[in-house]
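Colleague: Starting off with a structure, shown below.
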Amino acid sequence: MAAEKYESDRGVPWQPGFWKRMPWLAMLSLTGFGICCGALAGILASSDGHEVNTWPRPDMEISVSVLLALAANLASLCLSIALTKASAVAWWQKALDGTTMQRLQFDLSIQTSLATVFTSPAFDLFAVAAFLSVAIGIIDGPLVQRASSVVLTSSAPTPTNITVLISNDTLPANFSQYNSQTAVGSSSLLTPLFGSVNREYSNRAAIRIPLVGNTSCGANSNCVAQIPAAGFDISCNQTTKPYGWGLESPAMTLFNVSINKGYSSDSGWQVNLFTTTQPSLPKMATDYSNCYGATTTRQCVLRLATVAYPVTLSNGTATLKAWQLGDNETVSMANGDTPTLAQGTGPETSNGRGSIFLQMLDGILSVAKSLYEANAQANAQTYVNGAGAPGDAPHSSASFSTSGSPGAISNYITSNLSTYGTCSMTWEDPSIDIINNIRELMFRSAIAQSDANPSAVSAQGLTATETKFISIYRSHYNYLGLAIGCLSIEVIVIALLLVGWHRLGRSFSTDALEIARAFGAPLLQKGSSNDTIGNLMRRVGRKRVRYGQAGYEVRPEEPDSSAEEFPPDELLQTEGHNDEAGVLGEERTTLVGHEVAQAVKDGRLQERCKLEFNTEDRVGVIERGVLY
């Protein structure tokens, strides 16, 4: 320490040079910036296309966005350090070349506040660097974040095994409806189990599949499978019938849906569906006297069977694939003697005058009937205006009537509003929708029956095709390129600020105390004026200082008119020191120039307290309202 103090007291030489004055901190920071840019590119390259849950390793999941943000922030930090050092190099070079105090102050202030540019007309490389630093800091983060995204993709379908607890037998005979008949009336009610099925169907509740010990087909995958269960074998045929009608043919069916139960000796009880529609616009005379076209009738027979329902499973729920004409899902037909009716007991049968029957199909049919059974027809009429009046000519007209489900009639109309109430109305065939709704009721019923009686159900092992949905990282290198491009502009500005570092003779900074010493602050004039601020602080850093009232100064009452008469170096100064109470103590007066002393006496100069940094024993408390 003694040797260092001795050297500082003797003086520190000015030693410029390329390597001697190399701004190593700035260079290391720029190198760190390059490493961070490489890390950004490496993160994107290594994560691109990899599953989110397994990157970078299955046992260590780290979000790419977190790593990108970390690398981007480190890159910005490196540039900030380099910019600080480069600004110091450029500022002291400008001081060496000579400039105005205003320009030096602007170049310092713009480094900490962009608002400086609005209060000063100056604009130079320091301002450019400050604006770039702020602007790039704003846009760089979003660009880096957009460089990587998470997308959902699907894997190639692979076979998997699943086990379901669903019976593939037909439904029990007493499954869906309760019918009672007594001397005073009759009643038909859905059974509790099928009533629950119908409610879930009406509310479009999810179809829950009872899977057994299965880990496939979870929330992040789906499986396509065929589940054997109670259902219907479906066969349909279609006929088209032309019609023409006039006054002699008073009625014509335009739309009709009929659902009923039938029996066949070879297949037992079955559901018969008849739909009649007018699919194309007929020709109609304006006076309704001649209206003709064609109707299409489709008859579908639904026979009890075990069918393979094509479903898509995901997270324990099933989506039933819609049936289309020509599809054959039948696994096996039910026996012709399969019971669909069971006799029940209750209060109605206790006296032998009533009967109770529980039925397999009637509840399902009643739900389908309530939704779809409907009829629409046009009726021709002839009447005479002013009936009974001699000479009146006959007049023809037509009327339109509907019955059954208004929803079914309205939902399948294909003609426009102007045709309503006439024989020109046309309809779409609803038979496929009806069959699909009956299929869904049967599938839900098979599941409900199995859930209600699990001990009577044998689990079915099935082969399914599983497709997994995985979240993967997708890299967007164009956003990374934009981000690095913006940062590189700031690197160029930093390089321009560093140009000429070899001219400096020692290490410089823009530390406030270092600049104050260069401006001649008395408290900082220890040792060599060419010493670093760090060495200076080791000499005077422990000295206690304070900002406050440090004495008196005299100034011309009219500065503009007396500045030349009384220059600043010829002032009368009064200095003092503080006592423990903080009040100025003894004062000593130094007379600088006979003319100044006389001016104070004459009142041409005014005495005023001054504020400054000084040692604690030489400053007092700043007083409110005092002119300084």
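We number each residue from 1, going along the chain as drawn.
Glycine residues also receive a Cβ, built from the backbone N, Cα and C atoms like all the rest.
Remember, predicted model here, so these are calculated numbers, not experimental data.
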Colleague: Suppose you had to name the range TrEMBL annotates as region 'Disordered'; which of 260-280, 386-406, 554-574, 575-595 would you pick?
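Modeller: Range annotated as region 'Disordered' by TrEMBL: 554-574.
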Colleague: Are there residues at least six beyond either end of the transmembrane segment (24-46) with Cβ under 8 Å to its Cβ atoms? List them, or say none.
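Modeller: For the transmembrane segment (24-46), the far contacts come to 55-56, 64, 67-68, 71-72, 74-75, 78-79, 81-82, 85-86, 89, 144, 147-148, 475, 477, 480, 483-484, 487, 491, 494, 498.
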Colleague: Against which stretches of its own chain does the transmembrane segment (66-92) lie, if we need a Cβ under 8 Å and a gap of at least six residues from its ends?
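Modeller: Contacts with the transmembrane segment (66-92): 23, 25-27, 29-30, 32-33, 36-37, 39-40, 43-44, 104, 107-108, 111, 125-126, 129, 133, 136-137, 140-141, 144-145, 147-148, 483, 487, 490-491, 493-495, 497-498, 500-501, 504, 508-510.
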